[in-house]
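All remarks here apply to the structure that follows.
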There are 2 protein chains.
Amino acid sequence: MTTQDVFENLQELLEHNEIREFREAFLDHHIYDQTQFYLDFTDDERLELYSILSPQELSEIFENIDFDEVDIKPYLKEISPEYLSAMFDEMSSDNAADILTNLTKRERRAIFSQMTPENVTEIRNLMHYDEETAGSLMTTEFVAVVANQTVSSAMTVIKATAEDAETIYYVYVLDNDKQLLGVISLRSLLISHDDTLISDIVNEHIIKVDVEEPQERVARYFRDYDLLALPVISHDNIMLGIVTVDDIIDVIDDEAQSDYSGLAGVNTDNVNQNPIQSAAKRLPWLVALLFLGMGTASLIDHFDGLVSKASVLAIFISLITGTAGNAGTQSLAVSVRRISLNDEENRSFFGLILAEIATGLVTGAVTGLTIFIVVSLWKGNMILGLAVGVAMFCAITVANLAGSLIPVAMDRLGFDPAVASGPFISTMSDLTSVFIYFSIAGIFIHFF
Amino acid sequence: MTTQDVFENLQELLEHNEIREFREAFLDHHIYDQTQFYLDFTDDERLELYSILSPQELSEIFENIDFDEVDIKPYLKEISPEYLSAMFDEMSSDNAADILTNLTKRERRAIFSQMTPENVTEIRNLMHYDEETAGSLMTTEFVAVVANQTVSSAMTVIKATAEDAETIYYVYVLDNDKQLLGVISLRSLLISHDDTLISDIVNEHIIKVDVEEPQERVARYFRDYDLLALPVISHDNIMLGIVTVDDIIDVIDDEAQSDYSGLAGVNTDNVNQNPIQSAAKRLPWLVALLFLGMGTASLIDHFDGLVSKASVLAIFISLITGTAGNAGTQSLAVSVRRISLNDEENRSFFGLILAEIATGLVTGAVTGLTIFIVVSLWKGNMILGLAVGVAMFCAITVANLAGSLIPVAMDRLGFDPAVASGPFISTMSDLTSVFIYFSIAGIFIHFF
């Protein structure tokens, strides 16, 4: 049975009001599939669903919706505040906080008023953390024990919290002030003797992050240290929550996705669109860059006198702009990658820029020399070759500089460096390349 | 103490032969840091290390080396076969297989001859799987129980295998023929009563992958279903091993990385290089594209007659090539992304291409119309505007087609679609755009 058949079968059960059969068939699927079905149901079918599923069952579906791709507001609006309150009471606090940020303050208040006060406090606290920080990713449902417990009493704590905790595979050891002392994996608890003291087996070399640490850095810890969860602490080492690996996979995926989209000047998030939707997504960039490109066109117009004197100049316009654009894109990619790796040691602004200028000088020199030889031989005119070669050299150096400078500057100013996209850099570099080319050609014009 | 200080301190201890202090200080660090230190030591220091660390301790370091960035061969060559055999006996089979593929058959045989025969068989089996498939990622160290066991006897199995298993947090239920029946999380074992039968709590809706499934698809399961591990089965449902989430993070990261590098025409893997190294990495692409760009230049040369008659034509060369290049890059990015998502439903070859042509027609029409209006007003010549507009329309449609067709075709032919990089597409599209532009301009030449 294909997914489509399964879905139609579910719709039929709903239509014929066969509630028991529907529940059985629906809940039998993995929560990911349940979520897809939920999103694919019609409005009427969903309204029916809210009377069939418990708030707890729907809470799991909501935990699985990808907010980057689905606008959650209309779904929330169609559910009664009572049901929503019960649902958010069941949900892990990080996801509840993420979803609730989509509502207005007034709507939130209506929901909070009917929830368990402790849950409300937890969610409210989480909502304060900046987006894309450890705080915004963390959940407060973790397992904690104290150092002078025995292994067997720790196991009792774990069993008691197993239902609610986001992960039970790492157990955190706290002192009486909730300061984080260390961590024990469930694995080492299982292989230790029941009477062993936690303090004897705790791992105190714990990797932890500050609540305000950016999410890329958090992702990097997971990557380097092969973690399943990472504790999040306040400035004074109070344990606040944990980030789990499933959330980090989404972060790594989204980051990669947004860098990639930026480089191409198109949002590739949703690839399944009809041609009109695709075109609508691509046109803003294309038309904006078209007008930027008009700048280059009017610059060439300005140098029209040179072209009519020596039409041979027209031959090399696209070669120089294209090559400089390619160099600028390479430089951009390296620069954005370096920023997203958050490479502390390598983030001296001027060091970065100087290195990129040096790289530009080397690539420009090699490329310029190549084109000098080719043009000199092809056109039998070394002066023309020299003009094209020098222009190429300068254009590549400038493009490299722009390709690295712009994302670094954007990052410093607090913008996403990936927005300085590839097409933007190449269109910008068209402008400077044409200017450089004709300025240099103007000097040598009498020899062509 | 900075990492650099720690490292120098370790070097000093080695130099003064303070073995006990060195071991204590070195092994106290997280395995990731130990690995960095190991790679940073001098040849002599490493040779000393092999007499200080046990094969088991070194095996953990080797499991953490990132083979994409480090050439492992010289390290293996400096270690004695006896030590290597002991080390690979301690290592998880997937990592051992990965490392051993770097050696020649003869070198492997020397090592295998001194290893435990069962381990050799396991590693040999793993080495047969194609790279970038589930089989090449999996490890054979998982915890398995049978359906008619009780929870408490399953817990005994888990405790006994906890040291060796790659993860103990999922326990797999097999029948007598090693066929996979279902899975239980350690969490649900812990909250179940000791006498409960495994068959009563097993989850039979198991997500599993075939051993030959490509790694991107495996990564996608992890992303969608929030898994910590995924069982790998043979064609006849025999359980072969598991893939764990830490390996998948590396897959996701590498895939994103290689798509991104491809789009920019530069390998961004190692961003910490000096300008000469950086230039050496970028120049091959730049110079190759330069020669491809010479094709465009000679095409313009071919149309030199047109340019000398109407130098106004030169103005719009870079505008048309640039815009078509941008459109082609967008199309390429969407296409590569779609392929890497491995979207089964959307992989009808002609469906994809038709959709992209349609998108090209729409974006081309809008952009062409825009430039027609702008040029007509600017130059007061509607025929010129028409020529530029129509050329733009055609060039964008062709660039979109190429941007989507080339990666899809490469994927079908078994190449990495990301190699059809952005700069390559834009340089190719320069050529076709110039051809289209001058062909159309040639028709209208008498009106300029």
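Glycine residues also receive a Cβ, built from the backbone N, Cα and C atoms like all the rest.
Marked as domain 'CBS' by TrEMBL: A:138-201 (among others).
Per TrEMBL, the feature domain 'CBS' maps to A:202-258 (among others).
Residues or ranges marked as transmembrane segment in TrEMBL: A:283-300 (among others). Counting residues 6+ beyond its ends, the transmembrane segment (A:283-300) has Cβ neighbours under 8 Å at 265-266, 307, 317, 321, 421, 423-424, 427-428, 430-431, 434-435, 438 in the same chain.
What TrEMBL records for A:312-329 (among others) is transmembrane segment.
Listed by sequence, the residues of this chain that lie at least six past the ends of the transmembrane segment (A:349-375) yet keep a Cβ under 8 A from its Cβ atoms are 316, 319, 323, 327, 331, 335, 338, 381, 384-386, 388-390, 392-401, 403-405, 408, 412. Residues or ranges marked as transmembrane segment by TrEMBL: A:349-375 (among others).
Using a Cβ-Cβ cut-off under 8 Å and counting only residues 6 or more beyond its ends in the same chain, the transmembrane segment (A:382-403) has close neighbours at 312, 316, 319-321, 323-325, 327-332, 335, 353, 356-357, 359-361, 363-365, 367-369, 371-376, 425, 428-429, 432-433, 436-437, 440-441, 443-444, 447-448. Under the heading transmembrane segment, TrEMBL lists A:382-403 (among others).
For A:423-447 (among others), the entry in TrEMBL reads transmembrane segment. If one looks beyond the transmembrane segment (A:423-447) by at least 6 residues along the same chain, the residues whose Cβ comes under 8 Å of a Cβ in the stretch are 264-265, 285, 289, 292-293, 295-296, 299-300, 303, 306, 309-310, 313, 316-317, 320-321, 324-326, 328-329, 332, 381, 383-384, 386-388, 390-391, 394-395, 398-399, 402-403, 406.
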Count the residues of the domain 'CBS' (A:138-201) that DSSP assigns to helix (H, G, I), to strand (E, B) and to coil, and report the three numbers in that order. 20 helix, 19 strand, 25 coil
For the domain 'CBS' (A:202-258), the number of residues DSSP places in helix, strand and coil: 25 helix, 16 strand, 16 coil
